[in-house]
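Okay, so here's the structure we're looking at.
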4 protein chains.
Amino acid sequence: MNILFIGDIVGNPGREAIKVFLKPLIKEYGIDLTIANGENAAGGKGLTKEVAEELYDYGIEFITMGNHVWDQRSIMKFIDQEARLIRPANYPVGAPGKGYGYIRTKGKKIGILNLSGRVFLNNLEDPFSGAIRWINEMRQETPLIIVDFHAEATSEKVALGWFLDGKVSAVLGTHTHIQTADARLLHQGTAYITDVGMSGPRDSVLGVKKETIINRFLTQLPAKFELAAGPIQLNAVVIDVDESTGKARSIKAIQRVQE
Amino acid sequence: MNILFIGDIVGNPGREAIKVFLKPLIKEYGIDLTIANGENAAGGKGLTKEVAEELYDYGIEFITMGNHVWDQRSIMKFIDQEARLIRPANYPVGAPGKGYGYIRTKGKKIGILNLSGRVFLNNLEDPFSGAIRWINEMRQETPLIIVDFHAEATSEKVALGWFLDGKVSAVLGTHTHIQTADARLLHQGTAYITDVGMSGPRDSVLGVKKETIINRFLTQLPAKFELAAGPIQLNAVVIDVDESTGKARSIKAIQRVQE
Amino acid sequence: MNILFIGDIVGNPGREAIKVFLKPLIKEYGIDLTIANGENAAGGKGLTKEVAEELYDYGIEFITMGNHVWDQRSIMKFIDQEARLIRPANYPVGAPGKGYGYIRTKGKKIGILNLSGRVFLNNLEDPFSGAIRWINEMRQETPLIIVDFHAEATSEKVALGWFLDGKVSAVLGTHTHIQTADARLLHQGTAYITDVGMSGPRDSVLGVKKETIINRFLTQLPAKFELAAGPIQLNAVVIDVDESTGKARSIKAIQRVQE
Amino acid sequence: MNILFIGDIVGNPGREAIKVFLKPLIKEYGIDLTIANGENAAGGKGLTKEVAEELYDYGIEFITMGNHVWDQRSIMKFIDQEARLIRPANYPVGAPGKGYGYIRTKGKKIGILNLSGRVFLNNLEDPFSGAIRWINEMRQETPLIIVDFHAEATSEKVALGWFLDGKVSAVLGTHTHIQTADARLLHQGTAYITDVGMSGPRDSVLGVKKETIINRFLTQLPAKFELAAGPIQLNAVVIDVDESTGKARSIKAIQRVQE
Ligand SMILES: [Fe+2]
Ligand SMILES: [Fe+2]
Ligand SMILES: [Fe+2]
Ligand SMILES: [Fe+2]
Ligand SMILES: [Fe+2]
Ligand SMILES: [Fe+2]
Ligand SMILES: [Fe+2]
Ligand SMILES: [Fe+2]
C-alpha cells in the first residue's frame, strides 16, 4: 500500500500546491491514501472548516495538526465532529478533538497518530510513554500505523523514531517546514524522516514573506505576518507499507516546485 | 573553485569518517578547500589540540565551531594561536579566539565566518547585524566568503540565508546534526542549506547511543552520554564558487555511509 | 531626595490603584519624584497615549516599559515625542523611542535607564555591557541614576544589581509582578530590589483572572485574558538618594491594598 | 501546630545557617515540625547521604528537593530508603524516590508533597492535574498537607496556589532563591508564598560568588561555580496550621542574617 504524507500546508499558496500537484502524484506513485499536516492551512495559522473541506475536495483524506491547532478558535467547534482530523494526542485529557483516528482504504484499516514534541514547545504529556500507550490500543485494530511527530528538536524526533521502530509503519516529523535528507527504513521496518517539510511559497521563511521575518530578527519588533508570493512547492513522502505486517518496504522523499 | 564543507564531526567515529571518506571525496569532486565544523570532534563535546591536529592530518584545512566550543576548556589556551580555527563571531568582545579567518588556496583568499543563532540557544550578539558588519570588513579582503551559521531554529537559519544572499558565497547551517534537503542557490548567487548534517555514527541520536537518549526522554533523569557504535557517515556539501565574483555556481549535498 | 518607583501597573485596576494611593503616598513619604513601570497599563498589555496621559494626570512623572512595550502598536507613533517615557535600552539601534531619559526635580537632574533581561526573554543586546556604556553617558549629566531592570530570572537581576553597585542610585527589578523581600542597600551605596511587584488586582494571577490562568495551565488551550476584579493593590519602593553623590541612603518596599 | 519551612539550603554556608539559626527559631516560634528544601545542600548542587544526615542532626525533620535533585548521582542509591526525603512527584513513574511522604508530630500525621514547575524548567508531568490526584490520596491519610512547589515562573506558582486553595494547608514556592513579599492566607485557608527564599551566603548571586556569575553574563563563557563567602542568611516561613481541619491560621516570612 502506498501512502502519501504531505508536510505542513501553509495558507492559500500551500492549498494551491495541493491542487496542482496532488492528483499527478497520486497517479505517478499509485497512492492509496493521502494524509497531510494542516496546522497552517488557514492563512498560515490553524484550520477552519472551509479550509479543511477545500483540502478534502483536492483529495486529502486525513489531516493532522500541531502547535498551531487552536490558532483558529472555530476549530474547537467542529473538531469533535470530524472523523478525518486529529490533533496531538498528548494534549491534556479533555482537550477538544482526538489524538488518533482510523481510515479505510483497499479494505484495510490504517491508524494515524499525531504527537507533539515538548523540547522548545508546549508543556504537554510525555510523547514517548504516551505513544506506547496509544499505539498499544491502536494495534488492537490494525498493524498499519502512521505517526506524525510534530516537534522542533532533532534529538527528540530521532529518539522517538528509534523508540517506535518496529511498532509502527512510519514516524514522520513535521513542524520545522524544512524537509530533511534522512528518509530511511529503521532496523525493525519503520519508515522514518525527521521532517517532511512544507507545502507553500518556496521563496519565503517557512511560508512567510522573507522581508518580514528578516526585519523581525533585526529589530525585535512585532510585525504583521504576510504569506510570501512567488513559486509554490509541495514537500511530501511516499511510504510503501506491507498491508499484512504493517512494516514499511520503502520511504521516498518528494519535492515539487511550480515557478 | 570547489569547496567542501563537512557537518559537525562527532567524536572518534566522526574523525574515522573523515579519515575514510575525505581523500576520495577530494579526488571525486576536485576539491580545492576543505572546511569542517569541529564542535563535537573531541568525544562528542568540544575540541582539543590533539583532535584538531588529527583533523588537519586527514586533510581538513579549516575548522569552525558552535555552542560546544568551550566544552573542552583547554581550547581557551590554544585557540588564540590557531589561524585555521574560528568560533562564533557573536560571542562578546574579549572571548578567546576569533569569529572569522582567512585561508589561501589556488592563489585566492577565502574568508570564513562562524555565527551562532540565538533562538533556543545562547544569549549572544545579534548575528544579523553582526554579519553585515563582519562581512563588510571581510569583503575588503575577498569576495569569497563562506558562513557557517550554527543555529537551531529553521526560521532563523532561512532568514539569515536570504539576508546575506548576494553578500557571501554560501550560508551553511550546522548544529541540528540532520542534513536538510534544501540545498540550493538563492536569488543573488549565495549557496544555501539549512543544515549540512553530521559526520559520526549513523544509527544514533545525533551521534549518541540511542538507548541513552531514549531513556533520558522517558525518565527525565541525567545520563552518561556514550557515542554510538555501528556504521559511520559523513555529511557535507560541495560548493562551486566563481573565484572572481565570489558568487556560487552550484551547491550539492553529499552523504557517505560505511557499514 | 525621595523617589517613589511603582511596579508594573496592570490595566484599569492598576490605574485605579495609582489614583487612590499615589497622592497619600507622596505626602506620607515626602516624595520628590514618581516613576512607574507602565508596560501593562493599557488593558494589561502595553500603553496608549490616553493611558499615559491618565497616569501623568494622577501624578506619575516618568514611565518605564518592558517586554510588553509594543503590545499596543500605537505606541510606535507617539513614543518618539514623549520625553517622560522610555523602553528597554537594549532593543536594537533604530527601535522607536529611547532607552534612557532625564527629569528635573528640586533643581536636580535625575537619569532613568530601562533595561530588559535576556534569560527566558527576548534576544536583545547584552544588558550588562550596555548598562556600563549608557551609564557612562548618563553620568556626564548626573550621578542620580535609577535603573529599571525588567527581567525574569533572579540570577540575572541579582547579578546586574551587584554589577552596577556604586555606579547608580538604584537597580529596581520589574516584570514578575510579585514583590520580593530583598530590598536593601548594596555595598557601594546602590539601592536594590529583585522585583518591585505589581499595581493592579490583588486576587489574580499577575493581574489576570485566576480561573483563566489555572485553566490555561490545566488544558494548555489558548484563552482570552480578562483582568481580575476585587481588591486592588499598589506595590512600590521609596528610595532616599543623596542629591550630591547619587548614593542611596535607604530603600523601603511598600504595599497598599484597598478591599 | 507551627511548621517551619526553610528555603533552598545552599552548600556549607547554608548548612551553617541551619546550625546557627534553627534551634533559636524553634524555640522562638514554638515550632512543631521543621521542613527544608535541600536541593542545593551539597556544595550547591544536589544532596548526599552525609549532607542529609548533617541536616537531620541540626534538627531538620523532612527534606524536599527540586530540579537539582539528581546533581549528586549517589542520591539514586539512597533516596528509596529515606522516609524523610522526597523529590518532585511529577517526575515520570519509575524515577527513584517518591514525590510525597508523611511525618508524625504531636500525635498528628502531616503530609508533604513536592512538585516541580514546567515553565522554563524540565518537561515533567503536569503539576496541576497531578497535584489533585496526589492530594486526593494524601487526604485519605490527613488534612494537614504542605506543598513545596519548586518553580521558576511567578504565573505558574501563583496559579497553583489559587488552584490548591482550600485543598492543602500551604503552597510554598521554592527555586528562585529570593524570598517574595507576598506571604498570605488565600481565600479558603491555604497559606501561600511565591518563594520562601534561600539559606546560604547573602552577598552572592543565589549562593554563588557574585564575580563568577557577573563574568558569565558578560562573557557567556562557562565558569567554575564557587559558593560565596561572607554573611550567611536563613530564609523561611512559619505556618500555623489548625490540626483538626488542616487550614492555615497564619503564615509569617522570616529572614535571619549573621554578619
Ligand atoms: Fe507548521
Ligand atoms: Fe508547528
Ligand atoms: Fe554539533
Ligand atoms: Fe551545536
Ligand atoms: Fe509586567
Ligand atoms: Fe514584563
Ligand atoms: Fe535551589
Ligand atoms: Fe531549583
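Note that Cβ sites are derived from N, Cα and C of the backbone, with glycine treated the same way.
Whatever TrEMBL says is automated annotation, not expert-curated.
Per TrEMBL, active site, proton donor is recorded for B:His68. Annotation comment: TrEMBL describes B:Asp8, B:Glu39, B:Asn40, B:His177 as Fe cation 1 binding site. Look at TrEMBL and you will find B:Glu39, B:Asn67, B:His150, B:His175 tagged as Fe cation 2 binding site.
Everything TrEMBL records as a feature, shown here on the structure.
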| residue | record | CB count, 10 Å |
| --- | --- | --- |
| B:Asp8 | Fe cation 1 binding site | 30 |
| B:Glu39 | Fe cation 1 binding site | 29 |
| B:Asn40 | Fe cation 1 binding site | 28 |
| B:Asn67 | Fe cation 2 binding site | 18 |
| B:His68 | active site, proton donor | 22 |
| B:His150 | Fe cation 2 binding site | 28 |
| B:His175 | Fe cation 2 binding site | 29 |
| B:His177 | Fe cation 1 binding site | 26 |
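Checking each of the binding-site residues (B:Glu39, B:Asn40, B:His177) against B:His68 (active site, proton donor), the C-alpha distance stays within 10 Å for B:Glu39, B:Asn40. For B:His150 (Fe cation 2 binding site) paired with B:His177 (Fe cation 1 binding site), the C-alpha to C-alpha distance reads 10 Å.
Listed in sequence order, the binding-site residues among B:Asn40, B:Asn67, B:His175, B:His177 whose CB lies under 6 angstroms from an atom of ligand 4 come out as B:Asn67, B:His175. In sequence order, B:Asp8, B:Asn37, B:Met65, B:Gly66, B:His68, B:Val69, B:Pro88, B:Ser116, B:Leu121, B:Ala151, B:Thr174 are the same-chain residues whose CB sits within 8 A of the CB centroid of B:Glu39, B:Asn67, B:His150, B:His175, the residues recorded for Fe cation 2 being left out. In space, B:Asp8 is the closest of the binding-site residues B:Asp8, B:Glu39, B:Asn40 to B:His175 (Fe cation 2 binding site), judged by Cα positions. The Cα of B:Asn67 (Fe cation 2 binding site) lies closest to that of B:Glu39, out of the binding-site residues B:Glu39, B:Asn40, B:His177. Taking the centre of the Cβ atoms of B:Asp8, B:Glu39, B:Asn40, B:His177 as the Fe cation 1 site, the nearby residues of that chain (Cβ within 8 Å, site residues left out) are B:Gly7, B:Ile9, B:Val10, B:Gly14, B:Asn37, B:Ala41, B:Gly66, B:His68, B:Thr174, B:His175, B:Met198, B:Gly200, B:Leu206, B:Gly207.
Proximity of the binding-site residues B:Glu39, B:Asn40, B:Asn67, B:His150 to ligand 3, judged by a Cβ distance under 6 angstroms to any of its atoms, singles out B:Glu39, B:Asn40 in sequence order. Candidate binding-site residues B:Asp8, B:Glu39, B:Asn40, B:Asn67, B:His177 yield B:His177 as lying near chain A, with Cβ-Cβ distance under 8 angstroms. A strand conformation is recorded for B:His150 (Fe cation 2 binding site) in the three-state DSSP classification.
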